[in-house]
Amino acid sequence: MVLFHNSTLTSFCLHFRQVNMSDTSVLHCPTVPLSNGLQIPIFGLGTSHFGGYSHDAIVYALTECGVRHIDTAKRYESGIPRRDLWVTDKLWPGDYGYEAAKKSCIDSCSQMGVKYFDLFLMHWPGSMRPGCSNREVRAETWRALEELYEEGVCHAIGVSNFLVHHLEQLKEDCSVVPHVNQVEYHPFQQPNKLKEYCQQEGIVFEGYSPLAKGQVLSDPTVLQIAEKYRRTPAQICIRWSIQNGVVTIPKSVKEKRIKENCQVFGFQLEELDMATLGSLHDERHVTWDPTDVE
Ligand SMILES: NC(=O)c1ccc[n+]([C@@H]2O[C@H](COP(=O)([O-])OP(=O)(O)OC[C@H]3O[C@@H](n4cnc5c(N)ncnc54)[C@H](OP(=O)(O)O)[C@@H]3O)[C@@H](O)[C@H]2O)c1
């Protein structure tokens, strides 16, 4: 039985109350180890705020598809089954700074009805505080995340949209190396140097917008490969991320598509097709581009 309650706090926020499911509903999804020993499921469900949030879609993914990793953020919070789930939440720059970051994390926990997050990310390298450098604000905010980590409120901490120079500065200024960096990653946007840097530094590389918000699904090369494997273009792109060892979080609010997007573990793309998809990089950003953030 699944009981979710609509939150009165925000229309995006739901509180998890109780989920009982048989083991057979669990998606047997590989995990990727973080530097602190935790294992993040390589496949998760993305959620978003503008027309992209669906209570029913999340419940469907949890109960019918066995998804156990949900990607949320303060801007589009969603209720989540706790015990078996990997729950990622994000801190919006408006809540950067030591005190604000700690308060925001605790408030998000209580809004979602959870005691901890599996992963808590600084959403963006830029800050919104006049008179302070981004670097100073990032370091101050990260110290709050380090404490939340030590206190067990966040079982892992990370960043999102950080480039190499942001990560290098954080390394100089703070002590805990981020466990994860979540960045845009799909065949049209392959920041491979950043990915290699993260791998060298023990930072798990997680990719968002794996379908390029749908743009990649009509690409002729992707369509051709999909036909060869008798899979859908979305399955090909998600599988490509997974075979590259990238944690991936495709978003859909449609049950049929959620199911389709989960069915990516029963086949393997050949090396040649992986390379062909790897050649589609055209530097396109479909979300936002942190290149100019100091
Ligand atoms: N950290 C960050 O700064 C950041 C930024 C952006 C996104 N994210 C995270 O990454 C997640 C995914 O990224 P995204 O939402 O930007 O883009 P995406 O997952 O690449 O694409 C989502 C779009 O593709 C459609 N879609 C999904 N499955 C499909 C299928 N099988 N066939 C056809 N169309 C399909 C969805 O429509 P329907 O919903 O109508 O099916 C939606 O319009 C987000 O939800 C969020 O959790 C993080």
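Just so it is clear, glycine is given a Cβ too, placed from its N, Cα and C backbone atoms.
The feature active site, proton donor is assigned by TrEMBL to Tyr76.
Among the features that TrEMBL reports, substrate binding site is placed at His123. Look at His123 (substrate binding site): DSSP puts it in coil.
The domain 'NADP-dependent oxidoreductase' annotation in TrEMBL covers 44-279.
Of all Cβ atoms in the protein chains displayed, 25 besides its own lie within 10 Å of the Cβ of Lys90 (site 'Lowers pKa of active site Tyr'). A strand conformation is recorded for Lys90 (site 'Lowers pKa of active site Tyr') in the three-state DSSP classification. What TrEMBL lists as site 'Lowers pKa of active site Tyr' is Lys90.
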